[in-house]
Every structure is written in structure tokens, then in C-alpha cells.
């Protein structure tokens, strides 16, 4: 299935039905009074979270969405039927914005969560409502009001606990396939991963969701290499695994400059991304030069005023993966590191608005 994470749609709620002008026509009542019923209310446009969905693909091809109009009132005090609501199902993690202003209208995450995004028009009153002692035969009724309509932008942000970031071909897809049951496309060239992949990782008696974010390049914060689409998914992640390729065949590439370049892109996109907990790992250490580069980066970052741990891992042999997942689990669940001679102590939604 093609992954679609941003679409623009137009929604139109149903119009209210007009009230009726009618009169009583019963036998033996030659001068019956007003009997025009009210119009029905127009249907609302409702967004509902469907956990079975993982993409906005359906809305790529169908942009116009309209709820049913309310029916007109009729004689004999008969009110028109209300228009049916139109329910648009979206995947968890959908952010809804007004296309004209950019204002965020709601952030839908929980399964079954619903929000009325366009309110149906009100049905008009029939002439029976306007009868009075001074006007016993009103010859007018009220028109229904139009339903709301607006252009919307739907953005999908993946709901993952951990995001794996790094340059293209840094080994992100291989890692997620090794630590979870996810099976992304893997090949030895950049940009193999064109859409995010999700995998569930078991850790001790818990589990967490990992997203393999497609490779970032310099200028991603400004949209280079589809950077905006990719960085959007990192925003929801609580912890980042920053993969750095130890042995890179491209000239001018090395672990430390790669690490700094990606961190600069995260910071340029948003301060929040720059502040996220990050675990650094050098990949492909089954290759001797990659291991040597990883050790060098360990020493370099270890000399900082606030040392940064660097994990050396190989998704091929499995070396270092357990230690990496332990670091991720502790960061996620805020679990204290065990002391020598003592056991470790465990420490310890968006509301939508229309």
C-alpha cells in the first residue's frame, strides 16, 4: 500500500431544510390554521479515528466530501428528516489544520475518537411556529441555514515511541528488521526507505513501537529530500536512536560530521526535536574500519563536559543490540540504572477541539 501522509480536502456539511407553508385541510374545518412543519437539520461532517487505517491514501483521490441536506418540512405539521452525518475515517495520529489559516483544529490519536469538523445547517421553522393572536394565518416560513464548509489539510504523524534517524543507507531498515518483526525494503543504496516503517520491540516485560524514519540529508528542515514529510514523524517520538554509519564509502563523510549534520537539521526544524533524548549508535561494526571509527567517536564524545555514550552495533551479527535496547528502554520508561550490590528501582491525550 502506498503511504500518504498529507492531503488537502474540502468538506461541506449538509444544508438545513426549509420550513413549510401549509394549512390544515381536515373535513369540517373550513378555515384550518397553519400546519407547516419544520425543515430537518443538515448532517455534520465528522472525523473518526480508525485504528485499522495507517495511511490517508483514500483522500488522495477523493477530495470533495459532503454530508446530506436536511429535508424540507411538509403539511400536517410534518417535520423534515435530518440529513445523515458524513463520517470520514482517519488513522491514529492525524492532525487536522485549516487550509486557509494553517490553524491546527484537532489532533486525533485515540481509537474511536470523534470530532465534528463541519456543523450542519439548522432546519427552518414552518409557518405553524409563527401563528399568533394578531397573525393567525402566517403565509411565510423560515429557510434552512447553509451547512459549514471549509478546506482542510490532514497530516499523518506516526505514533511511535522511538524514531530511528540518520543519513540514508546508515542501516536503519536493517536494524528495525533485526530488533522487530518489521520487514522493510533493504538494499545497498541511499533512499531505499521512502516511507516510514513501524516495528514493535519487546523489552523485558514491556514493548515499544519503533519507527524507521527515511534517511535525512542536509537541508531536510527546509524540505530537501522530502525532509518536511520525514521530520514530521519524528515529532511524536519520545526517544531517538541516531544511527551513524561507521564505514562510509562516500568521500568527505565521517561519523562525527554526519552526527553533527543530522542534529543541525533536527534543531533547525524545531527546538523540541533538538531537545529529545537521543541515543547514538555506530552501525556496521562487523566491518573493521567501522569498528575503529566507532571507537574513535566514543573517545571523542566521551571527552565532552557532558559525555555522550556511543553504542557500537552490528545488525548483521547482533553485537551490541541488547545494550542498545536496554539504553532505549531505560530512556523510555525512566528506569534507574542498577547500582552494584543493589537492584534497580523503577521510577515510576490530546484533546481535540473543533
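Placed from the backbone N, Cα and C atoms, the Cβ positions cover glycine too.
Note that this is a predicted model, so its numbers are computed, not measured.
Residues annotated as domain 'Obg' in Swiss-Prot: 1-159. Taken from Swiss-Prot, the feature domain 'OBG-type G' applies to 160-333, supported by sequence analysis. Swiss-Prot lists 166-173, 191-195, 212-215, 283-286, 314-316 with the feature GTP binding site, giving sequence analysis as the kind of evidence. Per Swiss-Prot, Mg(2+) binding site is recorded for 173, 193.
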Candidate with sparsest Cβ neighbourhood (10 Å radius) among 172, 284, the listed binding-site residues: 284
Residue 214 (GTP binding site) and residue 173 (Mg(2+) binding site), distance between Cα atoms, whole Å: 9
Cβ packing number for residue 314 (GTP binding site), 10 Å threshold: 22
Cβ packing number for residue 173 (Mg(2+) binding site), 10 Å threshold: 23
Local Cβ density at residue 166 (GTP binding site) - other Cβ atoms counted within 10 Å: 25
